[in-house]
Every structure is written in structure tokens, then in C-alpha cells.
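Trainee: First, the structure itself, so that you have it in front of you.
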Amino acid sequence: MAKSLEIRFLFPLVLFLVVLLCVDGKRLNNNGHEMRKGRWEGKLKMNFYHKSCPEAEEIVNEIVSKKVAENPSLAPKLLRVHYHDCFVRGCDASLLLDSVAGKAASEKEARPNLSLSGFEIIDEIKSILEKRCPRTVSCADILTLAARDAVSYEFERPLWNVFTGRVDGRVSLATEAARDLPSAGANFTTLQKLFAESDLDIVDLVALSGAHTIGIAHCGVFGRRLLNFTGKGDTDPSLNPSYASFLKSECSDKSLRLNSSAVVGMDPTGPLTFDSGYFVSLLKNKGLFTSDAALLTDPSAAHIASVFQNSKTFLAQFGRSMIKMSSIKVLTLGDQGGEIRRNCRLVN
């Protein structure tokens, strides 16, 4: 009995150390940089613009901080734009491109991206940087920095380092976004496959899911879990009953039909504070999306989620996973198909 208790209490400690010291089996230094040669090492670097545009990162931070101070809901919006950009063609700002008449629809037109916003913040930053340092700072780097600074604002310090030096992609297709973006309705197998295709492991999957600790969601995205889970007017039995009742009250109209345009916070502990509340809620079966609940269907993912109930542990790993995510298939100077756009919405 004593030995059983010892194993039970030692396991979270061992996992805690694995999460802190190892991602994909590679040790990390204090800046979250892989000590062994990584797929982006030598391409992206810290302070890439220190000579070509010394004020670039400061300008991004000043504008983003001002905007988030005025409207805290911008933090999850910018983080979501960055996330949706990186999973399609890598972090190349292809999501920022507008559709062009006579050509295939851009990523912005894909159904998962129709509710995205915050593009005007990137436009404003780009406009200022083009005046200070013409054709120097990429839209991809601006978006990556803006997402970090938006989330970090409440902490008054950067939560992770951003390695810069990306250039912008020239191709943006709605069909690819519909195919490659992880869905809110995905099961664990699908999520793990999509993340693995971007060189992100199970720790990254769970950590990045923690981004749902801030922001809101339209009821139409998860409404089937509430009112028609199996097509018989039932509720997903994996949902916490009291949470399901709350969601029904927020998402139903007077006729008890789904109000798809209604919104709720993704984390029931509070949609504007970036903390471990998402995992605390998840372990109580209060994950909003099917993709959230899916994490509990895999024993390893569920154990990691349990460890991430500690905010310090979660924030440390979230930063490491963001560094990995923001390096997906990056284009840098000299790569074919890349450029520094003058306008983030249009190719040069």
C-alpha cells in the first residue's frame, strides 16, 4: 500500500520534470532554445533587426500594449490569428493576404477563419515600420511578435522569446486552411496527427490547447454538444452537467433553440486572464470544445493536463511550445516563394 502511494505521488513530479526539461527529447536552455541543432536553428535568431531596424520590436510592443490596454479582448484575437497562420503553410503571414478577384479564395475566406479579427492592428504596425524601415520587417515577424506581446501584456514582461528573420509567403488558399487547421470538433487521434505533421508533440498539443484560457467562442461552434450530440436532441455525456446547463442557458433562445451567434468565454474561470484555469476546468469536464474534451481521452495527455493545473508550469511550457509553433516551416531570406511585403494584405 505504501509503495503504491509512493508511486502515485512520484509520477506527477517525474512528469513535471519531463515537461520542464524536455520537448521531443531535446533539452532546452533558459531561453527555450533547443541545445541540440533544431529545424530552425541558424535561420531565425534573437534581435534579427537590431541593425536593419533597431526599433522594430519596441514599436510592435508599444502599439500592441496600447491596444490591449484599451481592449483586453485583442489578446486572444491576435494569438488566434498567429495560431491559424502557422498551421497552414507555416508561419509565413499567408493568412493576412486578402483574396484577389479572379483567383482562388485566400485563407481568410476559409470557414474556420471567418471569425478572426485583429488584422487592422497588424496593418497599423506595418504602416509605421514601412515608414521607418521600408521593406525590412516582415508581416510574419510582426504577427509573431504581436501575438507574444498581446498575451504578455498582463504580466508586464515577455512570456517567451521571439526568434525573428521570417519572410512572407506569396500563396494563400482557403482550401488548405480548411484541410490543415485543427478543428474544434476533432478527436485526439486527429489532433495528434495534425500537430505531429508540424513537428509538435503531445506536450505541445496540450500546452497550446491551454490558449483557450482566454477568449470567447460562438455557440454555433460547439452547439451540437449541447442540444443534438447524437442527432437525437441529446447532450454530450462527457460534459459536466452543471456546465452543460450553464451553456444551454447562454446559448439557447426563448424557444430553447440554439442561438449560434451568442458567445461564451472559452474558460469558465475567466476569459481574459492567461493562467491555468483552462486545465482546472478541463479536469472537471468543463472543456468547451470536443477538441478540449478529447485531451482527457488519452492517458498521457490527461496526465500532462493535470500537471498544467500549476500556472508556473503551464506558462513555462506554453512559451516553449509557442517558440516551436512559430518556427513551423518558416521562410527566410533566400528561400523561394518568400518576400518582405509592403502591405500585409497584398503580395508585392
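Including glycine, each Cβ sits where the backbone N, Cα and C put it.
Bear in mind that TrEMBL entries carry predicted annotations, made automatically and left uncurated.
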Trainee: When you check TrEMBL, which of CYS133, CYS139, CYS219 turns out to share a disulphide bond with CYS344?
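Mentor: Within the candidate set CYS133, CYS139, CYS219, TrEMBL assigns the bond with CYS344 to CYS139.
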Trainee: List the residues in the vicinity of the Ca(2+) 2 site, defined as same-chain residues other than THR213, ASP267, ASP275 with C-beta within 8 angstroms of the site's C-beta centre.
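Mentor: Result: GLY210, HIS212, ILE214, THR269, GLY270, PRO271, THR273, PHE274, SER276, GLY277, TYR278, SER281.
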Trainee: Between the recorded positions CYS53, CYS139, HIS212, THR213, CYS344, which lies closest to CYS91 (disulfide bond), Cα to Cα?
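Mentor: Among CYS53, CYS139, HIS212, THR213, CYS344, CYS139.
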Trainee: For the recorded Ca(2+) 1 site formed by ASP85, VAL88, GLY90, ASP92, SER94, GLU107, which further same-chain residues have Cβ atoms within 8 Å of the site's Cβ center?
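Mentor: Same chain, not in ASP85, VAL88, GLY90, ASP92, SER94, GLU107, Cβ within 8 Å: CYS86, PHE87, ARG89, CYS91, ALA93, LEU95, GLY169, SER172.
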Trainee: To the nearest whole angstrom, what is the C-alpha distance linking CYS139 (disulfide bond) and CYS219 (disulfide bond)?
Mentor: 32
Trainee: On a count of neighbouring CB atoms within 10 A, which of the recorded positions ARG80, HIS84, HIS212 is highest?
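Mentor: Neighbour-count leader: HIS212.
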